[in-house]
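Asks: Straight from TrEMBL, here's the annotation block:
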type	residues	note
DNA_BIND	A:19-38	DNA-binding region
DOMAIN	A:62-258	domain 'BPL/LPL catalytic'
BINDING	A:90, A:91, A:92, A:114, A:118, A:119, A:120, A:185	biotin binding site
């Protein structure tokens, strides 16, 4: 109901809409309308109310309020169900629990703050309150576990496109799962799954983006390797706009994969923005380390490399350092 | 403490041990000893108590009491922590939850009854109270998700060996995950995992065995495809003995894999008892179906097949029907 009030206000932005009209449109009493308006104000919406004229939406807060997001993205499949938390251990942990309990395909979990945010292999990840996007998407594709890596490539493509579109910031993609600006990490993607041997029960895509973090507040060793979108564009950026673009871009690329059984569109984007291809790379996997030249991405999103003895091989995933580009491990 | 009382009684089976001696050995009061004895009796242990002589263990119940199991298997790594439930949805579901919350490598979950027991791909599985073994093992090997199929082969080998050893029943292995007797299924293995793209967080091996189920009570359509160990050997069999052998065999084969990075011992057992090799098989995987001849197992536990056009290929997992052997899907 509150969403309907907000939707009506957003549709009539800058003009007044009377309490009577709102009450008629939504089918609730004028008192109920008044209560929802009060609640929206408390959430940070600036709403002007003048007697005889009605209500007018002046400014929306940059919260990741599901009601506002769902209005923006429309009847999307990705984000049809959005759960918003103030503070969580990590959105991937919540998403895995919800997935195990039957959450719908396309469910999105967003938090204002992560206490125990993790990067790949259980590393910690700094996620201060309200300054970033900490989000996980629950997916239930009918694929083999070996195909899960494709979802990481789809996500990298979607996030790179979305950040460019929403902020103008010219991000690059470091294969397989980092989004970078000027050689520093601004976003990490963590793909996890619950699976049987030849079928996936669920896949969780975790996306963590430093949006309005003040990089001056990073510890010294983090400053060298991480940045934020605010540092890139020189001003605060609406997190909601970025989330909206990510969900729309992701849905487009993901559905293309599900419907056409290939990820060509995503791979083309990953190649276009790649900072890895053509460079010398060090790839760590478990106890093995390979130094090689990154040649291309295969149609499955694997990295084609030429190793030191000149042989070509493909790599599904791994910890990658790019010579001259990223100092970070 | 109760375990220590039980342990002392088991060590001195058939002879009397006085309350005073028990109390001294265990370091508790004689009243405490008496209370533990009372509790053990309530759990089904037959304990004779004669004043001035003390206590004597006459008969143990066939429960899967962790105290009794842990005494039997000693300081095993697999089964060092055993959780026993009266009735659960499925032991794999419990195991996944516990694994997500940090359960130790080698933790075992056993239930007397499964309400929502599942076979592969979410199929239901009949698990009446007290008549079977419904058990899951939590593992945390440092392996790639693609290696998870090896764990299924290790389990199949361990279970086949254990049932043969504990009951004399000459079971066969239908690749990749069924144990069968006279062409009927007596045990299914369900391997699930939580993973990132190139590292496993945990693997759950679920083992369901029809032990003392009266096959006359199976529905008609189940009678054709399933059997029990009791039907094989013609009498009730101790579930505890089977669980003990499985945990010991599994540990041996699993540690061999972890330490030597191969599963040769397990594959040799899987080949020896295979009902699949040399036969024509139908393998279903997602929407594909292959008719082929089963030639061999690879050293990774994959099935090497010769397809209808005479080409050799390997299969990691799938739903297999063996011509002339198993009618069941």
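In case you wondered, yes, glycine gets a Cβ from its N, Cα and C as well.
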Asks: Which secondary structure state does DSSP assign to residue A:92 (biotin binding site), in the simple three-class scheme?
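Replies: The residue in question, residue A:92 (biotin binding site), is helix (DSSP, three-state).
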Asks: Same chain only, please: residues at least 6 beyond the ends of the DNA-binding region (A:19-38) with a C-beta under 8 Å from a C-beta of the stretch. Say none if there are none.
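Replies: Counting only partners 6 or more residues beyond its ends, the DNA-binding region (A:19-38) has Cβ contacts under 8 Å with 1-2, 4-6, 8, 47, 49, 54-55.
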Asks: Do you know the DSSP helix, strand and coil residue counts for the DNA-binding region (A:19-38)?
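Replies: Tallied per class, the DNA-binding region (A:19-38) gives 17 helix, 0 strand, 3 coil.
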Asks: Can you tell which of A:90, A:91, A:92, A:114 has the least company, meaning the fewest other C-beta atoms within 10 angstroms of its C-beta, among these binding-site residues?
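Replies: Sparsest of the binding-site residues A:90, A:91, A:92, A:114 by Cβ contacts within 10 Å: A:90.
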Asks: Through the lens of DSSP with three states only, how would you label residue A:114 (biotin binding site)?
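Replies: Residue A:114 (biotin binding site) sits in a strand per DSSP.
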Asks: Please state whether DSSP places residue A:185 (biotin binding site) in a helix, a strand or coil.
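Replies: Note: residue A:185 (biotin binding site) is in a strand by DSSP.
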